[in-house]
Amino acid sequence: MDKLIIEGGHALKGEVCISGAKNSAVAILPAAILAGETCTIKNLPNIKDVANIVDILVQLGAQVKREGHDKLVINSNNINTYKVDFELSKKLRASYYFIGALLGRFKKAEVPFPGGCDIGVRPIDQHIKGFEALGAKITIEHGIIRAEADELVGASIFLDVVSVGATINIMLAACMAKGTTTIENAAKEPYIVDTANFLNALGANIKGAGTDEIKIKGVERLGGCEHAIIPDQMEAGTYMIAAAASKGDVLIKNIIPTHLDSISAKMKEMGIDIIENGDSLRVVANSRPKAVNIKTMPYPGFPTDLQQPMSVLLSVADGTAIINESIYDGRFKHVDELKKMGAKINVEGRIAVIEGVPKLLGAPVCATDLRAGAAMVVAGLSAEGETIISNLSHIERGYEKLEEKLMGLGAKIKRISEED
Ligand SMILES: CC(=O)N[C@H]1[C@@H](OP(=O)(O)OP(=O)(O)OC[C@H]2O[C@@H](n3ccc(=O)[nH]c3=O)[C@H](O)[C@@H]2O)O[C@H](CO)[C@@H](O)[C@@H]1O
Ligand SMILES: C=C(OP(=O)(O)O)C(=O)O
């Protein structure tokens with residue numbers, strides 16, 4: 001089992017280039033099952049979640065060819081099963097997209113329950129409600145979700161909760177359904193727009209992605225296309241927070257700054273300089289940040305996926321901050337780890353009260369989930385002394401070349417294997 005060792009207290013300085021978005025990639029790759037011709041997908045992040053999705057595509061019989069480090073060419077014509085392997089499915093959250101994609105293509109899907117970060121209850125009732133509205137019969141047996149339909153017919157679906165996964169999954173199933181599907185109270189995250197753009201490039205007719213009402217007119221057949229994944233909002237946000245926590249000066253390149261507006265706004269409120277310029281953004285932090293309150297919200301609100309890294313910056317801020325985690329009921333598992341480094345945080349349900357301390361002190365800590373891992377890295381970079389982070393597999397699901405990128409910014413970070 002590898003560990004990361006960080007010698008903290010070195011300001012990050014320089015430039016970092018952001019990779020393609022995990023949450024777009026893991027939706028668009030399964031969506032390629034609906035394509036009647038070859039798809040070329042570019043700007044894919046080289047992360048475990050993408051590798052896991054590719055393993056499922058291959059298990060189903062798709063031809064997947066890698067070209068260069070960030071490009072895959074996929075042909076789904078030879079897919080010969082609608083059943084996803086149990087072990088592969090539970091390796092990540094996004095395996096749920098195979099339900100929508102296989103149902104859309106074969107009118108049948110068998111997908112074991114997905115895995116993903118353990119951050120509270122994560123039901124998929126809204127996905128199921130959407131598939132049923134389109135005419136599918138859903139049964140759950142022995143941990144496997146079975147979806148089956150004689151035909152899929154467009155329907156009007158009002159989501160009870162704003163769900164990224166349900167919005168995309170219904171889009172996938174509805175693309176080739178008969179008639180028009182309307183998703184109301186749809187999620188608006190950039191991944192939804194990216195996935196809709198990909199499907200439209202294949203020949204789908206989706207309008208309104210990025211708003212809370214999406215209309216999908218079913219088409220007979222989808223073709224192929226070339227598509228580049230958008231930059232990763234969460235990776236970019238993590239580097240913004242890391243730059244500030246280390247009192248650094250970092251130019252974050254290859255981003256869409258509007259996707260980061262809620263983070264930039266909060267960081268400006270904290271007294272950190274954020275300078276946008278085209279597709280890059282510079283973060284300059286010289287002094288201790290001011291404490292601010294945060295409530296996580298669906299896009300364009302402050303993203304839950306950056307709540308954990310942000311809690312590190314608030315741990316060393318001047319004053320007391322309140323975090324209201326409105327999306328998940330268990331996304332504070334990292335707090336016990338941060339306390340080992342001297343953070344003063346009280347958690348009561350979905351609320352964390354953080355009393356800022358002047359500095360954190362390095363300690364052995366564990367990455368309990370993906371963004372908890374990112375939070376530990378940010379904490380290690382800002383802390384005095386050495387931080388040793390274990391349980392790295394979560395971090396590998398979502399961050400491409402983490403050590404390499406941080407070392408490029410002057411961080412003292414290295415990976416060791418247990419036997420080293
Ligand atoms: C692979 C992927 O894209 N993961 C992201 C996706 O996860 P995921 O798609 O799982 O998250 P959702 O947007 O669906 O979940 C949002 C909230 O809705 C609830 N809910 C969701 C679906 C449902 O059928 N019923 C229900 O009650 C969830 O418990 C949660 O409280 O969006 C989350 C919210 O931005 C992010 O944290 C994850 O990084
Ligand atoms: C919660 C996350 O991932 P997943 O939904 O894939 O578990 C995340 O990316 O922060």
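Glycine residues also receive a Cβ, built from the backbone N, Cα and C atoms like all the rest.
For the UDP-N-acetyl-alpha-D-glucosamine site, TrEMBL lists R93, R122, P123, I124, D125, Q126, D305; matching the candidates I74, I144, I327 against that entry yields I327. Note: the Cα of Q126 (UDP-N-acetyl-alpha-D-glucosamine binding site) and the Cα of N23 (phosphoenolpyruvate binding site) are spaced 18 Å from each other. Each residue contributes its Cα atom, and for I124 (UDP-N-acetyl-alpha-D-glucosamine binding site) and C117 (active site, proton donor) those atoms are 14 Å apart.
The separation of K22 (phosphoenolpyruvate binding site) from C117 (active site, proton donor), Cα to Cα, is 14 Å. Between the farthest pair of Cα atoms in the UDP-N-acetyl-alpha-D-glucosamine binding residues (R93, R122, P123, I124, D125, Q126, D305, I327), the distance is 21 Å.
For the recorded site, I327 (UDP-N-acetyl-alpha-D-glucosamine binding site), the DSSP three-state label reads coil.
For the pair R122 (UDP-N-acetyl-alpha-D-glucosamine binding site) and N23 (phosphoenolpyruvate binding site), the Cα-Cα distance reads 16 Å. Averaged across the domain 'Enolpyruvate transferase' (7-406), the predicted model reaches a pLDDT of 97.
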